[in-house]
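Annotated features, as they stand in TrEMBL:
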- 54-73: transmembrane segment (TRANSMEM)
- 85-105: transmembrane segment (TRANSMEM)
- 125-149: transmembrane segment (TRANSMEM)
- 155-179: transmembrane segment (TRANSMEM)
- 266-283: transmembrane segment (TRANSMEM)
- 304-327: transmembrane segment (TRANSMEM)
- 339-365: transmembrane segment (TRANSMEM)
- 386-409: transmembrane segment (TRANSMEM)
- 511-529: transmembrane segment (TRANSMEM)
- 549-566: transmembrane segment (TRANSMEM)
Amino acid sequence: MVEHSGLDIMCLNKYSPASSSSSSSSSSNAEKKLFSKLKVSLTKKYPQKNAETLSAQYGTNLLLIGVSVMLALAQHGPAVKKEHLLAFITALMLVQLVWMLCYMIRRERERGLVPERDAHAGTSWIRGGLTMLALLSLIMDAFRIGYFVGYHSCISAVLGVYPIVHALHTISQVHFLWFHIKDVIKKYETFERFGVIHAVFTNLLLWCNGVMSEAEHFLNNHRRRLTALGYANLSTGVCVCPHCNCTTSVCSMFSTSLYYLYPFNIEYHIFVSAMLLVMWKNIGRTLDLHSNRNKRPSMRSPGLLLGPLLGLLALASSVTVLVVYLIHIEKSQQTREAAISMFYCYGVVMLSCMCVASGAGLLVYRLEAWPMDTGSNPSRTLDTELLLGSSLGSWLMSWCSVVAVAAAGPSSPSFRWTCLVYSLLLVLEKCVQNLFIVESLYRRRRDPDDPLATEVFCVTPPYDGIVNRGYETTLEGETPKNRVAFSRKQTDVTLPVGNRLNVTPGRKRQILKNITIFLFMCNISLWILPAFGCRPQYDSGLEQETFGYSVWTTVLNLAIPMNLFYRMHSVASLFEVFRKV
């Protein structure tokens, strides 16, 4: 009976307050663990994994807002004015200035910590070139300020604030590029992603603004030329001149000089966007120490003669064609057609030479078995994507010209067949040059002083074949001294004549360097012509008869800026190839 009561007491104790408190505490502990796991999952994995997508969407919408304002401004309506667009861009630049200042202050406080740096991001010669473009942009800002001073009584104050903020933005951004563009950010990654992507799309919006202003200037000139030739039914542009007199005598000089500096300002902002995009991709990245080494290549180039001479000849020819074209395009219809025909003949010769040079470079790579570099390199990947993406503009323009020539009647201008050949060669030239540049960028640099460069393949006594030293395992008990002695011993083995493997011979290096420098100068030449007003696609009228004025000018306003960027980006990539060969 006692035992039974004791059992009853034990059963009752199971549901006693002490037992319920222990069970509730265990359940609360389980809830705390679940909450902590959920908190860790939300605070660490979710934002860090999706910050790239979120920041990209933020930047894309910033750009689309600006483009929407630009499209409304293009209609010259009373609701949206240029001051509204410049005020929006000024606000974006001020936000970027605040972010760069915060970043540099934080880095200054962490001076003792050595940050990880991407050796391939923003080489010194690219930053030097961007500094020169930035100086020209500062001159452009000075002209804008002078223009505002002359008309300050009848134009908005935004037109005076914008160039001042843009000058501060340019100076601060160049400093940031020189000292921080290689940083691989590992702290405050989410915040820094939004800051970097804000800078990327701010510069893209500045690029779009420059492209739109330059296109409007060329369209006004095009309308004026067509009006002079008797096309009275063509819609005229809207004059946005100030409604007062200039207080100085140099206002016209300031406004005219701006359009000669626009090409440099446009290239500055698009290149800065590309460099900042590489920095954005490097946030949180784990660097491969082996592939992150960036040895300074030797710039000594014996035998470099033919390429520079032909390149200088191409450059001089381009300047001559530009001057002759700009002089004759303003004259009679017959003289205009002669100038356009001259441009297309020059382009056919230039593009043919570039196709042959790029094809010869690819042939050299087929004859020389250089190893491929498959390491992770965001800068190189972005270069490849930008080359292919920016080619689309000129390809679209070329195929439109081909369609226009095919649809042209017998009364069309005499240069239509030259235009057809030029358009087809332009497509072919970019295809072959892209192949040459991409393959060159993905070839591994081989230094003559590197002992592995001459010992990648060797014949060893124990094996009757070729052994790849890169996959050889270290023998047990082998010392570095023995390894060096063994390496020297193997290099003394004489290969049969048919099996000799001469790695990167000097003759082939000379050929590649001459090809690269020739293509470098040719791309500069083909950038100069459209950048400074030699645009026969506006003046020929051949495509305009097929597609109409509105459609064709829209195609040109999209294609020509992409083509300009392609040429300048090819120049940068070819210089990198020249240093790498």
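All residue numbers here begin at 1 and follow the chain in the order shown.
Any Cβ shown, glycine's included, is placed from N, Cα and C.
Automatic prediction, not curation, is the source of TrEMBL annotations.
Of the candidate ranges 54-73, 85-105, 155-179, 339-365, 155-179 contributes the most Cβ pairs within a distance under 8 Å of the transmembrane segment (125-149). Take the transmembrane segment (511-529) and the stretches 54-73, 266-283, 339-365, 549-566: counting Cβ pairs under 8 Å, 339-365 has the most. With a cut-off of 8 Å between Cβ atoms, the residues of this chain six or more beyond the transmembrane segment (85-105) that come close are 62, 65-66, 69-70, 73, 158-159, 161-162, 165-166, 168-169, 172-173, 176, 180, 192, 195, 198-199, 202, 205-206, 209. Taking residue pairs at least 6 apart in sequence, the transmembrane segment (266-283) and the transmembrane segment (549-566) share three or more C-beta contacts under 8 angstroms.
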